[in-house]
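Noted in Swiss-Prot for the protein shown:
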BINDING   GLY218, GLY220, LYS221, THR222  ATP binding site
COMPBIAS  144-157  compositional bias 'Low complexity'
REGION    1-87  region 'Domain I, interacts with DnaA modulators'
REGION    87-173  region 'Domain II'
REGION    140-160  region 'Disordered'
REGION    174-390  region 'Domain III, AAA+ region'
REGION    391-510  region 'Domain IV, binds dsDNA'
Amino acid sequence: MSVELWQQCVELLRDELPAQQFNTWIRPLQVEAEGDELRVYAPNRFVLDWVNEKYLGRLLELLGENGSGIAPALSLLIGSRRSSAPRAAPNAPVSAAVAASLAQTQAHKAAPTPAAVEPIAVAAAEPVLVDELAEPSSRDSFDAMAEPASAPASSGRAEQRTVQVEGALKHTSYLNRTFTFDTFVEGKSNQLARAAAWQVADNPKHGYNPLFLYGGVGLGKTHLMHAVGNHLLKKNPNAKVVYLHSERFVADMVKALQLNAINEFKRFYRSVDALLIDDIQFFARKERSQEEFFHTFNALLEGGQQVILTSDRYPKEIEGLEERLKSRFGWGLTVAVEPPELETRVAILMKKADQAKVELPHDAAFFIAQRIRSNVRELEGALKRVIAHSHFMGRDITIELIRESLKDLLALQDKLVSVDNIQRTVAEYYKIKISDLLSKRRSRSVARPRQVAMALSKELTNHSLPEIGDMFGGRDHTTVLHACRKINELKESDADIREDYKNLLRTLTT
């Protein structure tokens with residue numbers, strides 16, 4: 001198929017369209033012929049999507065009418081005809097919009113002819129899986145070039161050709177399919193967050209909107225977000241579910257401004273069924289991004305579309321974030337994801353070992369869980385090191401092998417979490433002196449922090465009760481035992497003590 005035929009059809013389309021539409025959407029297209037295939041390049045994803053939805057059907061019709069009477073082979077790509085070969089898009093099916101355009105083209109015909117184009121059978125798009133936890137770059141999200149994949153042609157009397165479009169870029173999910181509710185280990189620390197995420201996944205638009213998950217790194221916020229997205233796609237494969245990091249939203253907006261395509265940017269992000277944005281704290285002090293996200297957020301909620309956000313802190317505590325955004329984040333449900341307790345850490349290790357088809361003795365899992373307390377990511381990293389060490393050495397996993405494979409990490413943990421460090425941290429937190437913790441003073445303002453420090457020492461170090469007592473002014477081990485039991489009781493009944501303990505635990509282990 002010749003470029004001249006394309007130019008001829010474009011001139012015919014020019015007569016049909018208002019000048020502004022033609023100059024905005026058709027004029028920027030570049031074309032090159034390769035054998036019987038015609039490759040059409042759009043400057044960015046938004047132009048590609050718009051041409052795909054609004055003009056592709058008519059262009060195909062004109063090409064068929066003015067060509068050989070056979071439906072043309074057409075590729076719609078992002079890039080330039082002078083650029084290097086585009087990267088391959090993984091298993092990208094023809095988008096539903098193309099099929100709709102082709103169906104509309106056929107409907108315009110009075111009767112079937114050899115030039116008629118029948119709708120192409122479209123397979124449900126699989127969510128695109130990025131490599132493990134790696135984020136796709138902002139370039140990939142906005143203007144990455146991709147080699148289109150062929151869609152299967154449906155049977156029919158007319159000769160069928162594949163219309164190839166850079167499929168799946170339109171609403172690429174970027175979901176990790178291994179992050180599901182089944183692979184998420186539930187415990188006291190994440191029970192509420194998991195329940196809220198499931199409610200949103202099972203009843204989208206009727207649950208909590210927005211759902212805001214916050215907590216430290218590596219605690220499972222991203223896992224839950226992906227689990228919701230995967231469940232939504234499982235229920236409805238045609239759902240437009242988009243997961244991205246907040247920095248990518250900013251990068252897409254900047255690119256849209258550079259290309260004078262901000263309206264298309266708005267249309268893209270406001271047309272999703274569910275928008276999942278990670279690490280919203282990166283919007284801080286980015287006024288233009290906050291302004292655009294504010295309007296996108298409002299449009300999605302007004303349209304009944306689901307929004308899920310995560311952050312490393314409570315939304316009200318994010319400095320540099322506009323108050324109107326903080327206020328709107330509170331419209332739905334805000335849930336904290338806490339560091340996993342010992343039992344949950346053991347369960348996570350056992351589940352990960354089972355997934356890796358590795359036998360992990362319970363005492364070995366308990367040993368690792370006792371010493372790696374900060375977050376799930378570090379816990380999994382430690383387990384991978386142990387498994388690798390076991391494999392390379394040809395030995396079963398034992399506590400001795402764990403000590404060998406994690407000796408540097410364990411040494412660092414022991415150095416960081418010492419009784420001296422705990423005493424100093426607790427004293428600073430309660431604004432008292434370390435000497436007060438070691439003294440015989442029994443006033444509540446000193447006794448309660450001392451009990452908290454003893455309980456933390458019992459949980460975070462390997463010292464015995466008598467050793468801990470000695471380091472707290474020569475106290476008896478029964479005093480330490482009483483302090484630990486008292487703090488455990490207060491954590492259940494006293495919200496202030498519970499919050500203090502969590503804050504101190506987080507400070508000491510991160």
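For all residues, glycine too, the Cβ spot is worked out from N, Cα and C.
Contacts of LYS221 (ATP binding site) defined by a Cβ separation under 8 A and a same-chain sequence distance of 6+ are given as ALA193, LEU213, TYR214, GLY215, ASP278, THR310, VAL337, in order along the sequence. Under the DSSP three-state reduction, GLY220 (ATP binding site) is assigned to coil, being neither helix nor strand. Of all the Cβ atoms in the protein chains shown, 19 others lie within 10 Å of the Cβ of GLY218 (ATP binding site). Apart from the site residues GLY218, GLY220, LYS221, THR222, the chain places the Cβ of GLY215, VAL217, LEU219, HIS223, LEU224, THR310, VAL337, ASN375, VAL376, ARG377 no farther than 8 Å from the centroid of the site's Cβ atoms, the recorded ATP location. Annotation for the binding-site residues GLY220, THR222: lowest Cβ count within 10 Å of the residue's own Cβ, THR222. The DSSP breakdown of the region 'Domain I, interacts with DnaA modulators' (1-87), given as helix, strand and coil counts, is 43 helix, 18 strand, 26 coil. Broken down with DSSP, the region 'Domain IV, binds dsDNA' (391-510) shows 93 helix, 0 strand, 27 coil.
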